[in-house]
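J.: Found this in Swiss-Prot, in case it helps:
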ACT_SITE  ASP192  active site, charge relay system
ACT_SITE  HIS224  active site, charge relay system
ACT_SITE  SER390  active site, charge relay system
DOMAIN    44-137  domain 'Inhibitor I9'
DOMAIN    156-462  domain 'Peptidase S8'
CARBOHYD  ASN254  N-linked glycosylation site
CARBOHYD  ASN294  N-linked glycosylation site
SIGNAL    1-15  signal peptide
Amino acid sequence: MKSVILLSLAACAVAAPTAGVETIHDGAAPILSSSNAEAIPNAYIIKFKKHVDHKSAADHQMWIQKVHGEREDERLELRKRGLFDSVNDAFTGLKHTYNVGSGFLGYAGHFDEETIEKVRRHPDVEAIERDTIVHTMRYEEVKKDECNPDLEKGAPWGLSRVSHRESLSFSTYNKYLYSAEGGEGVDAYVIDTGTNIDHVDFEGRAHWGKTIPANDQDIDGNGHGTHCSGTVAGKKYGVAKKAQVYAVKVLKSNGSGTMSDVIAGVDFAAKSHKAQVSAAKDGKRKGFKGSVANMSLGGGKTTLLDAAVNAAVDAGIHFAVAAGNDNADACNYSPAAAAKAVTVGASALDDSRAYFSNWGKCTDIFAPGLNIQSTWIGSKTAINTISGTSMASPHIAGLLAYYLSLQPASDSEYSLATITPEKLKADLIKVGTVGILTDIPKDTPNVLAWNGGGCSNYFEIVSKGGYKAKAQADKSSSLLDSVTELEKAIEHDFRVISGKVVKEASSMTGQAEKLSEKIHQAVDEELKHFFGEARV
C-alpha cells in the first residue's frame with residue numbers, strides 16, 4: 001500500500017501542466033515561515049515576480065486550479081479505496097487572488113505538498129509564505145480622564161474656589177486643583193496700570209508690552225495692574241501658571257486715564273495678537289495657542305469702547321472685563337456692556353455676590369473678587385490683598401488662557417487652537433457651577449466659574465456640562481456656618497505657623513514670649529479684618 005502511494009505521488013510530480021505556456025524551472029522560490037506566528041497547515045500565500053502582468057497572473061491562477069483539481073481527483077480515488085483519511089486530507093485550493101496597487105500580484109490557497117512544489121518551481125513566482133493565524137493587537141481599555149490634577153497647597157481662596165464645585169470647607173479652602181500645563185502657549189494682555197514684570201512670581205514670563213499715556217514711564221506705579229497680572233498667570237497666585245503676560249499701560253499711577261488711551265491699548269493688543277498669529281503660521285513661533293486680554297477698568301457707557309473690545313474679540317482675542325463696583329446694572333457701564341467679551345461679577349468667600357459687584361443681564365459669570373491676594377509693586381516679592389470686580393475679571397482671563405492651553409494639538413505644531421472666543425465663552429459659562437451664589441438679582445446669571453477641577457481633558461470637561469448646586473433649605477445660615485468653619489480652619493493654620501516660628505525663635509533668643517504675643521496679635525487683627533469683610 002505504501003508503494004502505491006509513493007508511486008502515485010511520483011507520477012503526479014512529473015506530470016506536465018496542460019494550461020497555456022506554463023513551464024517548470026530549476027530555481028525554486030523560497031517558502032518563508034514566521035518564527036513567532038502560528039502557521040496554518042498546507043496554507044500558503046504566493047507573490048508573483050514584478051514582470052508578471054494581470055493576464056499572466058490570471059493564466060497562472062487557472063493553471064494552479066487545474067493542478068489542484070487533478071490532485072483532488074486522484075485523492076478522491078484513493079479515498080474510495082480507503083487509502084486516505086477523508087477528514088485530514090482535505091485541500092480547498094485557490095482561496096484569494098491579490099492585486100494590491102501596482103506592487104503586489106499574487107494569490108493564496110490551501111494546497112498539498114506536491115502542488116506547492118510545482119508552484120515553487122514556476123518561473124512567475126517570487127516567493128511563498130506559509131499562512132498564519134493573526135489576532136487583534138493587544139490593547140488597553142481607553143480610560144476616561146481620571147483627572148489627576150496638580151495640587152497647590154496654601155493657595156489663595158479665589159484659586160481654590162474656581163477649582164471646586166461645592167462651597168469651600170476646612171479641607172478645600174486653600175487647595176487649588178489645576179493642570180500644570182495651564183496657560184502654556186497663551187499670551188495674556190493685561191490692559192491696566194502696568195505690571196511689575198520683575199516680580200518673582202512671574203518666573204520671567206512677564207513682559208512690557210507698551211505704555212500708551214504720553215510721557216509716562218514703563219513701570220506700574222499703582223499696583224492694580226500687577227495684582228491683576230498675578231491672578232492671571234502668577235506661579236503662586238495665578239490661574240494659568242504658564243501663560244506669558246504682556247503689560248499694556250493705559251492708566252497712570254493714580255489709576256485713571258482717558259478712554260482714547262484705553263482704546264489704543266485694545267488696539268495694541270489686537271495688533272500684537274495678529275502678529276503672533278502670523279508668526280505661528282509662518283513657523284516662527286512654535287506652540288502658540290492664542291491670546292487673552294483682561295481689562296479691570298471702566299467708566300460710564302461708551303459705544304466706541306464697547307465697539308473696540310468687540311472688534312478685538314472678532315480679531316481672535318478672548319477678552320475678560322470687570323462688571324463694575326457700584327452694585328448696579330452692568331449694562332450701564334463700559335466695557336462691561338461689550339457683548340462679545342466675558343463680563344465678570346465678583347463673589348465672596350461665603351458664595352454670596354460681593355456687596356459691591358454690579359449685576360444684570362450683561363454680567364456673564366462670577367468669580368472670586370473679595371479679599372484676593374496677589375502680586376504687588378515695591379519689590380520682587382511684594383504681595384497685597386484687595387477687593388473688586390477688578391480682581392474677579394483676571395480669574396476669568398486666567399481661566400480663558402487655561403482652557404485655551406488645554407485645546408488638543410492640531411496637525412501642525414505651529415497652529416493656533418481652533419476654538420473661537422465665542423465658543424470658548426459659551427463653554428466657560430456652560431461648565432460653570434449654577435445656583436451656588438446668593439444675593440443674585442433677577443435677570444442676572446447665577447454662574448460661578450470652574451476650571452474643570454484640574455482635569456486636562458478639555459472635551460471631557462465640556463461634555464459633562466454645568467453643575468447645579470445642591471439645594472439648601474436655609475442657605476444663608478449654611479453659608480454663615482461655612483464662614484465660621486473656615487475662620488476656625490484658617491485661624492488654626494495661623495496658630496500652627498506662629499507656633500513653629502516661636503519654637504525656632506526660642507532656640508535663638510530669650511525674647512520668645514514677647515515674639516509670640518506679637519505674632520498672635522497680628523494674627524487676630526488679620527483674621528478680624530478678613531472675616532469682617534467676608535461677612536458683609
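Keep in mind that glycine also has a Cβ here, set from the backbone N, Cα and C atoms.
Note that the structure is predicted; figures quoted are calculated from it, not measured.
Let's see these features in context: how buried, what's close, how far.
T.: Sequence-distant contacts of ASP192 (active site, charge relay system), defined as residues of its own chain at least six apart whose C-beta falls under 8 angstroms from its C-beta, comprise ASP220, HIS224, GLY225, CYS228, SER229, ALA247, VAL248, LYS249, VAL250, LEU251, ASN294, MET295, SER296, LEU297. Secondary structure at ASP192 (active site, charge relay system), as computed by DSSP, is strand.
Taken residue by residue with DSSP, HIS224 (active site, charge relay system) is part of a helix.
Neighbour density for SER390 (active site, charge relay system): within 10 A of its CB lie 28 other CB atoms from the protein chains shown.
In the three-state DSSP reading, ASN254 (N-linked glycosylation site) counts as coil.
Other C-beta atoms found within 10 angstroms of the C-beta of ASN294 (N-linked glycosylation site) number 34, with every protein chain shown included.
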J.: Which chain-mates of ASN254 (N-linked glycosylation site) that are at least 6 residues away have a CB under 8 A from its CB, listed by sequence?
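T.: When sequence neighbours closer than 6 are ignored, ASN254 (N-linked glycosylation site) has ASN222 within Cβ distance under 8 Å.
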J.: For the domain 'Inhibitor I9' (44-137), how many residues does DSSP put in helix, in strand and in coil?
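T.: Grouping H, G, I as helix and E, B as strand yields 35 helix, 28 strand, 31 coil.
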J.: Average the pLDDT scores across the domain 'Inhibitor I9' (44-137) and report the rounded value.
T.: 83
